[in-house]
Amino acid sequence: MENIQIKNFIYDIATGYIKSYSLKVILELEIPNKLKNECNGYNEHGLYVLLRTLSTMGIFKEDEEIDRLFSNTEISETLINDTDKYPWVNDSYFQVTLLPYFKHIEESLKTGKAMGTFNSGYNDGFDFIDKEKNLKKYFHNTLTEYTRTQIDSILEIVDFSNFKTIVDLGGSQGESIKKILDKYHLNNSIIEKGINYDLKEVIENNEKNYKDNRYFEIMGNFFTDETFPIGNCYLVKYIFHMFSDNQVLEILNKIYKSIKSSYQNEVCIYIFDHIIYKNKKSIPISIEYHTINILNGGKERTLNEWNNLIKLSNFKIDKVSSLPNILCSFIKLSLN
């Protein structure tokens, strides 16, 4: 790299907040939607600066002949308020709203605590999401979209047909359990129940139009409930990276307490989460690691860290495998 390239590279990182805040504003004001009609009600020069800035990145296009005239591009079209067509936009919107909390990086570094949310008046990241009602929808839609992008790969790798009761802990909108029940009908499996377990406010807002009578939703809380719904298969998707080692062990211990009197060696836990592989660079995982650390004190783990953590529980690791997308791996646990 030449000095000028290094300079430009560092400058691009240093000014990244401009891009993020600009994206945040156009999403909040639904500018891509309004460009389809008319974009009135804003200061003309301020709007021009915003659109001009984003047009240099390919978001919006400035007319070559008419001054201050902009139109949508293929990129900005995806930001039009149609999350059924482009559901990943939920995550982009959620991410850019987190910008203010990153000003506490230095204090988090010094204290080892999630100061981003604490200094902003929240107990933790979940308290933040719960109280910021406008963000809650985007957060849970993001979790559902993560599931949708991975569930087909999961169903190809994992055979769920021999489990009687499958419990998805923190299952959000129930996408995983529904997909499993859709694949394994009563005539080709022994599945009697598929339970989606999540917070009261999540379950209450879920759609109630799924018809399979094996599907159940149960309200609860990882840390205030003494036990969880009883099953012989548990799914824990994108959950453990949001918590500290002690919190993960608390959840695993509650699973053990829930099943120890009902099942012996039949129980499996499938953890779907990130594994940090040092020889593979993943910008999305690194960014998400930074985010959950600032918001909630969570952590991404290397394979060695996963091994050491599980050894402290009543379970053992049977299998570790990567899904086709490097962003997700699965760890299969059974009772010791």
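Cβ atoms are placed via backbone N, Cα and C, with glycine included.
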Of the candidates GLY170, GLY298, the one that Swiss-Prot places in the S-adenosyl-L-methionine site of ASP198, ASN221, PHE222, LYS237:
GLY170
Applying a 10 Å Cβ distance cut-off over all chains shown, what neighbour count does GLY170 (S-adenosyl-L-methionine binding site) have?
20
Among all the protein chains here, how many other CB atoms are within 10 A of the CB of HIS241 (active site, proton acceptor)?
20
How many Å lie between the Cα of ASN221 (S-adenosyl-L-methionine binding site) and the Cα of HIS241 (active site, proton acceptor)?
17
Neighbour tally for PHE222 (S-adenosyl-L-methionine binding site), based on other Cβ positions within 10 Å of its Cβ:
18
Max Cα-Cα distance in Å among GLY170, ASP198, ASN221, PHE222, LYS237, the residues listed as binding S-adenosyl-L-methionine?
16
